[in-house]
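Annotation comment: TrEMBL describes 64-114 as domain 'NADH-Ubiquinone oxidoreductase (complex I) chain 5 N-terminal'. Taken from TrEMBL, the feature domain 'NADH:quinone oxidoreductase/Mrp antiporter transmembrane' applies to 132-410. Annotated domain 'NADH dehydrogenase subunit 5 C-terminal' per TrEMBL: 504-628, in sequence order. Taken from TrEMBL, the feature transmembrane segment applies to 26-47, 113-129, 135-155, 176-197, 203-222, 243-261, 273-294, 325-347, 410-429, 450-470, 614-635, 641-660 (among others).
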């Protein structure tokens, strides 16, 4: 059964990809979607058997690498962490497949699209189920290639091409550090198997642990779009909306968080690594929340909310609250998939329009889509008693419960980010559904609710976005739960969940919620009560500067393009001009050719045709030859010890130059 969970998506992908022309569009839909749904049902059984029953399963298939010092098995580990990751991956992926049947109905390349989707899911399953870092890396690279193929699916669009290449390039930076980190693990621990590495980790030097942890962190930062390596994520919106939902909710961006969770037995012994992770997560959450305030693209606003929520997850990892991070990861998968699929329904119903400034007034035309997006937004905002409420605010509470500088900073940055999240979420709802209609009249005349095959995934995700957090809270983060005790490691000195639950002042626990309501009220005021005031905010110099800075995404892309990319191009041009086409050519083929040609011409100039000159050359040659021959005798040593090497070849060469007749400039009668 466990291998079937992995094999079914692969079977669906291979069948749709290789036999798509034979099966047709409908056949590809049935096979890929059916395989994913069956795999999702099996994952629920696995979650019960492994997670709730606390019975991990390990499956070894065959030896992959077998040498004297290294043995790597191709095997899979199903523990509570694995089956917890399988739930969001397979549930969201199966719903995305179902949603795509209608959303991509007019596309002529359905078989290829569904093959890519299933392949994407398969490699994600390999990543989370592998029992060593090498198999994890196979899945890691697989989802990287699959994401490129899906983002670049509409390859005739230049922006899709650029976005796909950008995602691949930025992730290569992280992959480079990650591969070095895996080599470091192999060097330090002598193996890449989880069981071996994690059992030896407590006895390894802290410096080595810190280096390995930082290398793994950079790899995770690229995949999970943390500050500095986040630039690919908003541009990934160029792919079809189902792809955006799958990337942002359950697969690509969660891979980096999973890597950190799986490596908890290593990074727990590197306090420096934990502090760095906390700061990276806090700054990412704050950056993405401020950037999302003024975005005008419907999908980009949701994309920056993903970046912000990934920051919260990294904060939780840096605070050693791995169970809280995993809980919020699962919760986030459901309400983020709901937001993206609802946004796709809006775009689909409004003639592919996704600029917020050209929407508005859709609440009467798309009431069900409005309800679904409202539920997803409220869950994202951690509205009380929705799914996001049970995990998001808990991250801020455990940050404050650490009683450390990094924890306090994370709490305040996270609280401010929560206020901004509430602001841009209500701004999105307001501009899309409530403001004055701004789209062409024809778009409203043809506006329509999504068909039933799109409504079904939205209904299921809405239910999960409302109730899953309440149902799963005790299992994941309940006081005293041992649900994740066999998969995640937390040092006893880092336990702060009880302090967060019972030891913090009530005001500090309520502050994020109070601030969030303030952000929501401010958004409603600016875009409904005083829209003219909002428009004139950019009239002043300060307003223009702030707007340009935030709408320009902190100008990070400008820095990369203006300094790093252009600087690299200029450096490459200089190296090519001065070294490759300059110095190397001068001392290489071009210079050698000129030197030999000039030398041969100089030697040929001595061929004057005068016999006394020839006699002089012969005498000089004989004197030189005799000098070379008798000098070792006079010094009492051999030719080889004086001149080194095979002196016989040198003597033959010089003799040939002196004694053989020259063929240059011979007169022809």
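Note that Cβ sites are derived from N, Cα and C of the backbone, with glycine treated the same way.
TrEMBL: automatically predicted annotations, no manual curation.
In this model, the domain 'NADH-Ubiquinone oxidoreductase (complex I) chain 5 N-terminal' (64-114) carries an average pLDDT of 89. Listed as Cβ neighbours of the transmembrane segment (26-47) (distance under 8 Å, sequence separation of 6 or more from its ends, same chain) are residues 1-2, 4-5, 8-9, 11-13, 15-16, 20, 78, 83-84, 86-87, 90-91, 93-94, 97-98, 101, 110-111, 114-115, 117-118, 121. Counting only same-chain residues 6+ beyond the ends of the transmembrane segment (203-222), those with a CB under 8 A from a CB of the stretch are 170-171, 173-175, 177-178, 180-181, 184-185, 188-189, 228-229, 255-257, 259-260, 263, 266-267, 269-270, 272-273, 276-277, 280, 314. Residues 69-73, 77, 131-134, 137, 140, 204, 208, 211-212, 215-216, 218-220, 222, 259, 262, 265-266 of the same chain sit 6 or more residues outside the transmembrane segment (176-197) yet have a Cβ under 8 Å from a Cβ within it.
The DSSP breakdown of the domain 'NADH dehydrogenase subunit 5 C-terminal' (504-628), given as helix, strand and coil counts, is 113 helix, 0 strand, 12 coil. For the domain 'NADH-Ubiquinone oxidoreductase (complex I) chain 5 N-terminal' (64-114), the DSSP counts in helix, strand and coil order read 29 helix, 11 strand, 11 coil.
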